[in-house]
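*Asks:* I am attaching a structure below and will ask some questions about it afterwards.
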Amino acid sequence: MEGLCIKPTVLDSGNTAWIIVATLLVMLMTVPGLALFYGGLVRQKNVLSVIMQCLVLTAVVSILWFAFGYSWVFGTSFSEQKNPLGFIMGGFDKVFLRGIGLNTLTETNIPEIIFALFQCMFAVITPSLIIGAFAERVKFSGFLVFAIVWSIFVYNPMAHWVWGGGWIGEKGIGAIDFAGGTVVHINAGITALIMAIMVGKRKNYKHGITPPPHNIPFVFLGTALLWLGWFGFNAGSGLAANGLAANAFLVTHFATAVAVIVWMAIDWIREKKPTIVGACTGAVAGLVAITPAAGTVDLLGAFFIGATSSLVCFFMVSLVKSKLKYDDALDAFGVHGIGGIIGSILTGVFATKMVSGPHGVEGALYGGWHQLEVQVVATIATIIYSAVMTVIIFRVVDKIVGIRVSLRMEEEGLDVYEHGETAYN
């Protein structure tokens, strides 16, 4: 998704139409997809709080993105002005999309304004994923302030490093992140873990025992919308309607299908019954893991990425979480963080020029061991930056605004105390 290069040429109507559709699909992932998925998993007294967080983040992050986020990520890099900050952040020449006209095109001949909107949807869903870690116990005001600051100082720099010409992506060490394994999922997942630990456990939380979802059909509907939207997320990231998009579409679906079956099989063996929530969680794990690899792997790679992510995420969620005794309420870290790490590293194993083309890279399976090393470096860098910045931002916001609700509010439910509404009357 990197390599934005503006040049005067003729608009490609096919590419443009596809990216408009892909943008719509990615928006569906947050509202209503993620809102329904998370809303179904929480208890009845907190469903509106989760939905509200997803809705308001969509609005707030969109405003921030077009005001200066897009420019910070994809603006004329300071490196092009011989400024060493260029590998850390872009410039400010495109604040409020200044200087971008209707006929300003990207290198795939789509209007830059639709590219900016497509990228906006990635900026929106990333902080929304974090909601799953501290659901049912965080103030709306505290969360909102945290998400705003986090989007500015964590998401934007990471997106620039990987996609905007920074030190991690093609112009840097050469790490592959086709659609957001590091920028979106590892970034959000690590933040989710830190937040879950720092916010603390829910009242009466028992290790390994999660309150049952209040609405499993919501979980299924949310999963279906996420699966659908992910086709835009991954296949749209090539910014063109071509064979690469078709391959991304194919491997996204295949890896997800494999992940569903693997999770269901483990569930069936361990619990003696396959569950809908388990199958849905497996689907999300597969979708997450294939994200960084969708533009570089074939069906063989997709199979192993889907199977491995489902297997590892299952045991992370069902065993490791209870052993380490942290309360990641909706498994944002266990699925997105771990799934993103697996996908990022396995991209360095299964990447093949058969997909990415003669100028692409080969993974370790095809002799490209250097690419695996690069993927590990990118993964570790993302983990460290996200963790350190999250700790700093949390402490500052908690000191000024306060993040956790009172025990009484938590016990009664956030829907009534925070929003004055109930989901069901």
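Going from the start of the chain as shown, residues are counted 1 onward.
In case you wondered, yes, glycine gets a Cβ from its N, Cα and C as well.
Per TrEMBL, the feature transmembrane segment maps to 17-38, 50-73, 113-135, 142-163, 175-197, 218-236, 248-269, 276-294, 300-320, 332-356, 376-397. Here TrEMBL flags 17-424 as domain 'Ammonium transporter AmtB-like'.
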*Asks:* Mind checking which residues reach the transmembrane segment (50-73)? Cβ under 8 Å, same chain, six or more beyond either end.
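*Replies:* Answer is 27, 30-31, 34-36, 38-39, 42, 89-98, 116, 119-120, 123-124, 127-128, 131, 135, 140, 143-144, 147-148, 151-152, 155-157, 159-160, 163-164, 418-419.
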*Asks:* Where else in the chain does the transmembrane segment (276-294) make close Cβ contacts, counting only residues six or more beyond its ends and a cut-off under 8 Å?
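*Replies:* Residues 37, 41, 176-182, 184-185, 213, 216, 219-220, 222-223, 226-227, 230, 233-235, 237, 247-248, 251-252, 255-264, 267, 301-302, 305-306, 308-310, 313-314, 317, 331, 335-336, 339-340, 342-344, 346-347, 350-351 contact the transmembrane segment (276-294) from elsewhere in the chain.
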*Asks:* Tell me, please, if the transmembrane segment (376-397) and the transmembrane segment (218-236) are in contact, taking contact as 3+ Cβ pairs under 8 Å between residues separated by 6 or more positions?
*Replies:* no
*Asks:* Can you say which of 175-197, 218-236, 332-356 has the most Cβ pairs under 8 Å with the transmembrane segment (113-135)?
*Replies:* 175-197
*Asks:* Restricting to CB pairs under 8 Å, which listed stretch, 175-197, 218-236, 248-269, 332-356, is in contact most with the transmembrane segment (300-320)?
*Replies:* 248-269
